[in-house]
Amino acid sequence: MNLRELVSALNDFASPALAESWDNVGLLVEPSPPHTVNTLFLTNDLTEEVMEEAVQKKADLILSYHPPIFTPLKRVTWKTWKERLVVRALENRIGIYSPHTAYDAIPHGVNNWLTKGLGACTSAPLHPSTAPSSPAEGTHRVEFCADAEHLDVVLSKIKDIPEISCLTTLPARVEGEEQTRVSLNCSQKALLEVVALLSQNSLLYHKTEILLLQKPLLPHTGMGRLCTLSEPLSLSGIIERIKGHLQLPHVRVAVGKGRTLESPVKKAAVCAGSGSSVLKGTEADLYLTGREMSHHDVLDAVANGISVILCEHSNTERGFLSELRDTLTVHLQNKINIIVSEKDRDPLQVA
């Protein structure tokens, strides 16, 4: 597949608009066009060892779940390992694409895979995603009617206000008089200026309607998952299931106040990777995430009777790659070869 065709297909699989605002997702490194992709190489983290593996396996595009370019690069030299990744990629005509939190949000993504380690359960996003393109612009819609005497003056002043969009006018009959109905979208900041302008004319102001534009929630889409197990299971049983699912010999466990390893778990809040901010405040029997829960966040959970399982950051994500390979093979209609890195691994081990 042509690189741009493939990137479009990957964006259709998981829209970059679903990623968190702080994230850096999409095509990060692009060889000069035209660029044909025969082999897509999947990894959780793009390290220099993994890059060498990708070169040896003649990859044309690397899909790295974590973006190897996150903070801006001021130069591309051989000095730092992240700069060297870019150099190696371009020298070998390998593109780099990262989905990161877009894959966290989608219904068939990383968090959905992680919940499978709990056994049979139903789940819903902890923080649902909203439709990224509806409405297109603005937080509020303002509508009012004006007669010919005031219309031109009001419209000229409104057009000078920044952050106004979708300004339309339509003929209207109000109480038997020919008037014009004005509709506009605006930001919260612009709304204050629009209201201040209209309030200068009591006739306009009393005919003004203000609507809050709310984007619809996307079903089964968003950050984290709250899982309700079909049958309650002891904390020790959950621990063994998670270790088996993630293929780990050890996990870290904090037992909630008033609970034991034999206490039943019915509800579990789950977030792959760094889940502390996503899980915080959720009512559940168990928090399951990677490792980025601060000492005090763990203490808070335990004090509230919530047990915690920490598995190290990328251990809660990496196993998804095999499932992703199979799903993308179908999504891309078997047009390219998709392989999973054998060198990719969590940097932390138990010694």
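Cβ coordinates come from backbone N, Cα and C, glycine included.
If you check TrEMBL, you get these features:
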type    : residues                      : note
BINDING : His66, Asp104, His313, Glu317 : divalent metal cation binding site
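Other C-beta atoms found within 10 angstroms of the C-beta of His66 (divalent metal cation binding site) number 17, with every protein chain shown included. Listed in sequence order, Val110, Asn111, Met223, Cys271, Ala272, Gly273 are the same-chain residues at least 6 apart in sequence whose CB falls under 8 Å from the CB of Asp104 (divalent metal cation binding site). In sequence order, Asn44, Tyr65, His100, Val110, Ala272, Gly273, Ser274, Gly290, Ser314, Thr316 are the same-chain residues whose CB sits within 8 A of the CB centroid of His66, Asp104, His313, Glu317, the residues recorded for divalent metal cation being left out. The sparsest Cβ neighbourhood within 10 Å, among the listed binding-site residues (His313, Glu317), is found at His313.
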